[in-house]
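The annotation region 'Disordered' is assigned in TrEMBL to 1-21. The transmembrane segment feature in TrEMBL is assigned to 31-52, 64-85, 97-118, 154-174, 180-201, 256-278, 298-317, 354-372, 378-397, 409-431, 437-458.
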Amino acid sequence: STMRGRKAADPPHSSTDLSEGKEKLRLKQEVGLISGVSLIAGTMIGSGIFMSPEWVLHHMGNPASSLLIWAACGLLAMFGALSYAELGTIIKESGGEYIYILRIFGSFPAFIFAYTSVILVRPAGLAAVCLSFAEYAIAPFYPGCSSPQVAVKCTAAACILILTIINCLNVRLATSVMNIFTAAKLLALLVIVVGGLVLLAKGQTQSFQNGFQGTTAGIGAVGVAFYQGLWSYDGWNNLNYVTEELKKPEVTLPRALMIAIPLVTCLYLLVNMSYLAAMTPSELLSSGAVAVTWGDRVLGSWAWLISLSVALSTFGSSNGTFFSGGRVCYIAAREGHMPDILSMAHVRCLTPSPALLFTSAMSLIMIISGSFTSIVNFFSFMAWLFYGITISGLLYLKIKKPELPRSYKVPIIIPIIVLMAAVYLVLAPIIDQPQIEILYIILFIFSGIIFYIPLVRFKYHPRFLQRVTLHLQLLLEVAPTIRDAN
């Protein structure tokens with residue numbers, strides 16, 4: 001059937017041996033500790049740290065409170081990741097929030113998450129990061145003026161196509177790209193950090209005097225400041241999307257999180273301090289791209305390195321987003337919540353190429369139309385809505401099913417804090433500054449009911465979709481896979 005449920009008889013530990021003529025495939029376990037750290041850090045460090053600091057400062061009103069927001073965002077990301085680590089050792093399947101919601105709350109809420117994430121959230125996020133990459137990549141060719149939108153969109157589209165080829169060919173190739181670009185972006189951030197420390201050592205601390213003067217107190221403004229900061233931390237949960245591809249996931253998952261997120265948090269705080277050492281708060285607020293302004297002030301004729309660094313950073317981040325985002329589509333299809341073709345893997349490359357191609361196509365549509373800006377602005381609203389649902393599922397398991405085997409346990413106070421933060425982040429902007437776009441997003445989420453009832457609940461399978469699936473399977477050289485729940 002085109003839309004199918006999982007068969008309980010699927011052996012979770014079956015191995016794949018194509019030479020023996022077996023029809024079932026599974027994805028390779030290629031992601032080790034270093035690649036895991038690179039996937040998390042490489043996805044988190046995108047364009048955010050080069051663009052968001054001025055907006056956090058704008059909403060908080062002064063440098064000291066903005067630094068507190070950055071630290072609080074890092075702590076919240078760490079708490080969320082530790083909570084997800086326990087979920088990942090209980091439910092050892094790929095798919096992140098989708099698979100956790102499915103196993104804990106059932107089919108309908110999991111379908112709504114998959115529908116929203118696969119069609120809207122993940123492709124929009126990927127399109128936004130690729131457009132950021134394009135802006136910085138072609139900026140040197142248009143000095144002193146803004147780049148033509150046609151050139152930006154064509155470059156972004158080329159970026160997505162290159163990522164599609166890399167991720168469809170080989171998992172190891174994709175993780176190697178992540179490792180290389182993560183090293184490059186960490187080096188770029190270290191240049192900014194060292195430059196800032198030199199400035200501070202020379203006594204340029206005027207931005208930190210009377211640091212808390214003029215702090216904003218409104219709950220809505222603080223919530224929006226958190227949104228801006230958390231956009232830069234987004235990606236802390238990406239390793240949970242590829243659990244089945246981890247080597248020793250019960251060990252690798254918690255360790256990678258405990259290395260990557262504190263590392264990124266410390267870098268973000270030091271980079272923000274470096275920005276404030278080179279510029280006054282008012283100069284930082286008036287800067288269109290704070291990292292470029294910093295480069296002009298500190299590096300002089302070498303300022304072009306910053307544009308190059310941001311381009312490298314955003315390309316690496318988009319690769320991580322693409323790598324994990326394609327897995328959500330693949331896992332949802334494997335569980336019967338998306339067309340069956342999306343659950344298949346290439347017979348030789350052993351990558352979920354149909355799911356990756358679908359994610360790529362949706363992202364290209366958003367880049368061409370250019371109508372996704374308001375969706376991206378409310379990305380954090382949608383993300384934290386589902387994070388909150390997922391964390392409440394962990395609390396349910398800790399209270400109602402403590403006997404479930406798990407190799408890692410997080411203290412119960414940590415998921416409680418994350419859940420409270422999620423509720424605040426979802427409700428604060430609605431209560432303080434309600435906007436019509438949020439209503440549109442909620443309506444889109446619930447429009448999934450129209451597809452769920454006939455296709456999943458009543459298992460209506462249009463005959464033409466079965467023929468399309470067969471032809472695509474032959475064209476793409478793909479075959480069904482099995483779940484590898486360790």
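Including glycine, each Cβ sits where the backbone N, Cα and C put it.
With a cut-off of 8 Å between Cβ atoms, the residues of this chain six or more beyond the transmembrane segment (298-317) that come close are 42-47, 50, 129-130, 132-133, 136-137, 139-140, 159, 177-178, 180-182, 184-185, 188, 191-192, 195, 199, 235, 278, 289, 291-292. Stretch with the most C-beta contacts under 8 angstroms to the transmembrane segment (180-201), considering only 31-52, 64-85, 154-174, 409-431, 437-458: 31-52. Between the transmembrane segment (64-85) and the stretches 97-118, 354-372, 378-397, 409-431, 437-458, it is 409-431 that has the most C-beta pairs under 8 angstroms.
Each of 354-372, 409-431, 437-458 was scored by its Cβ pairs under 8 Å to the transmembrane segment (97-118), and the highest score goes to 437-458.
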